[in-house]
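*Asks:* Below is the structure I would like to discuss, written out as structure tokens.
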Amino acid sequence: MASGKATGKTDAPAPIIKLGGPKPPKVGSSGNASWFQSIKAKKLNSPQPKFEGSGVPDNENIKTSQQHGYWRRQARFKPGKGGRKPVPDAWYFYYTGTGPAADLNWGDTQDGIVWVAAKGADVKSRSNQGTRDPDKFDQYPLRFSDGGPDSNFRWDFIPLHRGRSGRSTAASSAASSRAPSRDGSRGRRSGSEDDLIARAAKIIQDQQKKGSRITKAKADEMAHRRYCKRTVPPGYKVDQVFGPRTKGKEGNFGDDKMNEEGIKDGRVTAMLNLVPSSHACLFGSRVTPKLQPDGLHLRFEFTTVVPRDDPQFDNYVTICDQCVDGIGTRPKDNEPRPKSRPSSRPATRGNSPAPRQQRPKKEKKPKKQDDEVDKALTSDEERNNAQLEFDDEPKVINWGDSALGENHL
């Protein structure tokens with residue numbers, strides 16, 4: 001039955017987000033959740049967030065005049081012995097006139113509410129952007145072009161591409177809690193320990209833990225498909241699947257460490273973000289067919305460009321330096337220490353070890369107290385204990401607008 005209404009603004013819901021992921025959600029959902037992921041306090045009783053810049057998440061489909069809203073505190077708890085225990089708060093963004101505080105005007109004072117506005121925003125106006133229905137739409141990644149929240153807050157990594165069947169896996173990494181901005185702060189990078197490689201390794205480890213396990217039969221099938229469709233299963237070396245590494249010809253990527261560790265090497269996951277998809281390879285490559293005695297040979301020439309201002313540019317350059325024609329080498333920080341070898345010369349008075357002198361016995365020290373024992377924990381034990389603090393020392397991935405923007409792990 002045809003509708004009697006003419007086509008109007010109210011009948012054509014406008015998209016809310018344009019982030020290169022799944023199709024943007026529409027206005028008018030029945031849910032009351034924020035469109036965006038939350039920022040999370042690093043510690044209990046943290047002060048309300050302060051922002052470098054406007055504090056309004058990037059949304060290309062919202063006019064400048066509508067770029068205003070509020071961050072709302074959400075208390076969080078985890079189950080524990082004797083009842084639930086509080087954990088650091090989460091803060092969610094809503095546009096003015098939407099969400100749990102829809103009845104407030106911009107700037108109205110209320111506990112747990114922080115108002116933000118972009119330059120040029122009309123804070124007297126109210127938004128018609130609605131809220132998110134969690135049953136229909138995933139939350140969207142936070143991006144701040146003019147700077148993010150202060151160092152007391154962080155947010156989890158959410159890939160820009162994901163389907164409803166697989167909600168994002170929050171991955172951790174010891175990086176700054178601010179996303180790289182497109183201007184002065186864009187060039188800031190964390191130390192070498194917290195760079196792209198460590199983050200990528202953590203992502204794939206978390207996904208393997210939470211995902212379905214790969215059986216031995218499945219792994220064998222993955223490693224022995226048609227050559228162009230093979231993938232390296234967990235526990236396999238690269239040369240078990242794709243043959244020995246070479247120099248100057250096909251199969252020249254990977255050093256000895258990468259070959260031995262396979263996909264456990266975080267550099268593999270990092271570089272896969274630059275590898276073209278099947279469609280990109282087919283339609284974006286220079287394809288050269290050539291008939292040979294053994295069959296048809298297809299050559300695909302594809303170029304991926306990583307801009308020099310990309311936040312991960314230096315990391316990609318380092319990985320390429322290590323792994324292109326890298327057979328027979330290892331990263332400098334991963335070179336095995338040479339084992340000491342016993343001398344093959346016959347013992348003489350000149351090279352025989354002198355008799356050891358008897359050392360005076362040392363007095364036994366009293367046992368360390370509990371607080372002293374804690375100080376003697378190994379680095380691995382300290383790291384494990386830190387993880388038990390439940391987000392007390394969170395790690396964050398902020399990819400920003402990098403070469404990874406249109407890919408997901």
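Each residue, glycine too, has its Cβ placed from N, Cα and C.
Residues annotated as compositional bias 'Low complexity' in Swiss-Prot: 15-31, 166-179. For 70-84, 358-367, the entry in Swiss-Prot reads compositional bias 'Basic residues'. According to Swiss-Prot, the compositional bias 'Basic and acidic residues' annotation covers 180-192, 247-258, 368-384. Under the heading phosphoserine, Swiss-Prot lists Ser190, Ser192, Ser379, citing sequence analysis as support. Residues or ranges marked as domain 'CoV N CTD' in Swiss-Prot: 215-331. Taken from Swiss-Prot, the feature disulfide bond covers Cys320-Cys323. The phosphothreonine annotation in Swiss-Prot covers Thr378, and the record cites sequence analysis as its basis.
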*Asks:* Between the disulfide-bonded residues Cys320, Cys323, where is the Cβ count within 10 Å the lowest?
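*Replies:* Per-residue Cβ counts within 10 Å for the disulfide-bonded residues Cys320, Cys323 bottom out at Cys320.
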*Asks:* Kindly state the mean pLDDT of the domain 'CoV N CTD' (215-331) in the predicted structure.
*Replies:* 90
*Asks:* Which residue counts does DSSP yield for the compositional bias 'Basic and acidic residues' (247-258) in the helix, strand and coil classes, in that order?
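*Replies:* The counts are 3 helix, 1 strand, 8 coil.
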*Asks:* Per DSSP, what is the residue count of the compositional bias 'Basic residues' (70-84) in each of helix, strand and coil?
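*Replies:* DSSP composition of the compositional bias 'Basic residues' (70-84): 0 helix, 13 strand, 2 coil.
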*Asks:* Where does Cys323 (disulfide bond) sit in the DSSP three-state scheme?
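*Replies:* It is helical.
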